[in-house]
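Visitor: The structure under discussion is supplied below as structure tokens; questions concerning it will follow.
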Amino acid sequence: MSEAMSGLQQGYRPRGGAATSQPWPFDPLLVLAVALLVGLGLVIVASASMDIADRNLGSPFHYVARQLVFYAAGTALGWLVVTTPLAQWQRLSGPGLALGFGLLLVVLVVGVEVNGATRWLPLGPVNLQVSEFFKIALLVYIADYVGRRQEEVQTSAGGFFKPLLLLAVAGTLLLAQPDFGAAVVMAATVLGVLFLAGARLWLFAAASGVAAGVVALLVVSAPYRLERVTAFLNPWADPYNSGFQLTQALIAFGRGEWTGVGLGGSVQKLFYLPEAHTDFVFAVIGEELGLIGVLAILALYGLLVVRGLVVARVAEAAGRIFAAYIAYGIALWLGLQVFISAGVNMGVLPTKGLTLPLVSYGGSSVVSTALLLALLLRVDHENRFAQRHRRGRGAWRT
């Protein structure tokens, strides 16, 4: 570990020359986008949570202080990830997935129930949302699977469907909590990774069709899910019951107009909009920062996704398949999560509790996102090391 850390700190020494200035070890645009999202997230969580924290807990800075702790924990754990070679994560992919499945089972037995869902393991002063960390184990395992069996994925139905069996088991355990949103995002991400790995189009289409059918069946079989869909189609038909949360979010966007009402000026966060600092924080952004602020934050997420795909392409071109599909998976997950979270807030998708990565309040969400982005930065770092090594210009130690 110490060698890896020193490798990130040292410059390179050209052959026959003195040490040069230290090269930037990571994609600067990736780092900038993450830093801006973290800063904006802290400001928005402060604005959205102070009144509710003061009323319920007697401390207006309760959620802000905890969010700072979550960011610090994410940074510390992320640094451990980014200084650990990807080869070690690849070796741990199988045990990591087994541990993830074990935690999904444990949470059903001893988990904490909140709002009718048993998704959290109590760990002293915090509750761990298992699904947030299971997705990391699943992405790492799928990337390892593609790295070992890409030809099988591309040429045979068996190679394509084997990881989907694991996904089906994971989805069943998630639905037992229930965590419908996490199951949908994971399924879409895994299918996307297999598609990018070169799976046959008819297999991808068949699996996608089956997944869509399962989602539709799950929606119509659960009254509360069906109610969310009907409320999403016309929230104003029942604005004080099933459509309440969505109508309040739409009012927030309407009040924001072009430039917003200003930071701290949101009215909807004052006990009108439920979960204003968590699942519906994007609506508060729309109200306080307006359309310009909404587009700016979406641009930052877009930058993260695009740079993630670029990092993946560079790794794939170098023949580093595991690294490439780690990056592809992270970029796909991030894009899907933001799309669904923003879409729910804006009323273009049925209401579902999904956080806005790095911005919404929540320890499990913040820390798991930090770990995934640290993995992406590690892929980028190893890309840069490999490129400098190939050019014969010396390299960083890793």
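A Cβ is built for glycine as well, from the same backbone N, Cα and C atoms used for every other residue.
For 29-48, 68-89, 96-114, 159-176, 182-203, 210-226, 289-310, 322-346, 358-379, the entry in TrEMBL reads transmembrane segment.
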Visitor: Under 8 Å between C-beta atoms and at least six residues away from its ends: which parts of the chain pack against the transmembrane segment (159-176)?
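Guide: 97, 101, 104-105, 108, 131, 134, 138, 141-142, 145, 149, 151-153, 182-183, 186-187, 190, 194, 199-200, 203-204, 207, 218.
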Visitor: Sequence-remote contacts (6 or more beyond its ends) of the transmembrane segment (29-48), Cβ cut-off under 8 Å?
Guide: 61, 63-64, 67-68, 71, 263-264, 266, 269, 276-277, 281, 284-285, 288, 297, 300-301, 303-304, 307-308, 311, 357-361, 373, 376-377, 380
Visitor: Tell me if the transmembrane segment (322-346) touches the transmembrane segment (182-203). I count contact as 3 or more CB pairs below 8 A, with pairs 6 or more residues apart.
Guide: yes
Visitor: Check for me, if you would, whether the transmembrane segment (68-89) reaches the transmembrane segment (289-310) - at least 3 Cβ pairs under 8 Å, residues 6 or more apart in sequence.
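Guide: Answer no: the transmembrane segment (68-89) and the transmembrane segment (289-310) share fewer than 3 Cβ pairs below 8 Å.
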